[in-house]
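K.L.:
Okay, these came from Swiss-Prot:
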BINDING   H137, T138, K282, N291, R300  substrate binding site
BINDING   H174, H219, H274  divalent metal cation binding site
Amino acid sequence: MPDPLALAISTGEPAGIGPDITIGALLQLAGQNGHARYHVLGDAHLLASRAAALGVAHAWERRIAEGEVVIHHVPLAVACEPGRLDARNGPYVLSMLDAAIAGCRTHAGAPARFAAMVTAPVQKSTINDAGVPFTGHTEYLAEAAGVPRVVMMLAGPQPAHANAMLRVALATTHLPLRAVADAVTVPLLLETLSIIDADLRRWFGIARPRILVTGLNPHAGESGHMGREEINVIEPALAQARDAGIDARGPYPADTLFQPRHLRDADCVLAMYHDQGLAPLKYGTFGHGVNITLGLPFIRTSVDHGTALDLAGSGQAEHGSMIEAIRSAVTMAGHANGRHASARVPH
């Protein structure tokens, strides 16, 4: 039997629901992933206190004693109360991320300690208030890994096909809408499609990914009458991608692309901007979606929601998205280690 896959889980903003959903997810997953061991990064006292507040202290202690959950103590700067932010704990959040990143990297030929990392939500404002410029997990991980570009992809079960996944990647992420058209260029789309194609093969075991690409304008530009980005940028980028062996199709009108009959044979949809792609995905999958960063040299998954400060310590936080993030990380690591068969028959 192979050694258990070691997953790093950073517990996120200590005043938010990160500790709650980590504890809840790992208790619900008890015994379900016998080939995984969960390395939880965070303040051990905070986690024990939060488990007690949730009424699951004994179950949490048992998971640790059984060895399926391993606590890596990262000390808080100051004591934390659920729901109350403290900028002094901003560096604590980054310390957890740094430990997870270090564990996912190979060193001097030695294998990585962790097969993947899963991140609970962080409060960007707290980190910035601590004097550390921080725009988000994705950008921080890309800089730490030394890669020029990463791609945000969210995934969740297709509402009309319970056994099929809807994956939506973004050409641009956190940009004002007025800046999107200028940001969408042929080189950007080519690089984005290359990353998607490579990581769907590497992490998901898909032999020949099929990528459907949205237009930028209403009705995909209506043959140039509602904008020419489709003609001047997107179509040339898709042609070059196909010449490079990438199965990229489109551009399709975004308002009709997200239908079961179009998505049935798609491995991923590439949307041009944030709300164009994530609004339909979250409508159908919110609370069970997974945020996946493509283009990194290691696997990173996360939840599809924020810190929910008002729910911290209350026992009311849903941990479904954290469960799916953990399961996705296990599956992706399994593909990377050759422990799973290909997810689909080649086209």
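In case you wondered, yes, glycine gets a Cβ from its N, Cα and C as well.
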K.L.:
Other Cβ atoms within 10 Å is the metric here; tell me which of the binding-site residues H137, H174, H274, K282, R300 scores highest.
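P.N.:
In terms of Cβ crowding, the pick is R300.
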K.L.:
Can you tell me the three-state DSSP label for H274 (divalent metal cation binding site)?
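P.N.:
In the DSSP reduction, H274 (divalent metal cation binding site) maps to helix.
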K.L.:
Near T138 (substrate binding site), which residues of its own chain have a C-beta under 8 A away, given they sit six or more steps off in sequence?
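P.N.:
For T138 (substrate binding site), the qualifying residues are V150, M152, T173, T293.
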K.L.:
On a count of neighbouring CB atoms within 10 A, which of the binding-site residues H219, N291 is highest?
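P.N.:
Result for the most crowded candidate: N291.
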K.L.:
Substrate site residues H137, T138, K282, N291, R300: biggest Cα-Cα distance, Å?
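P.N.:
Site span for substrate, by Cα atoms: 19 Å.
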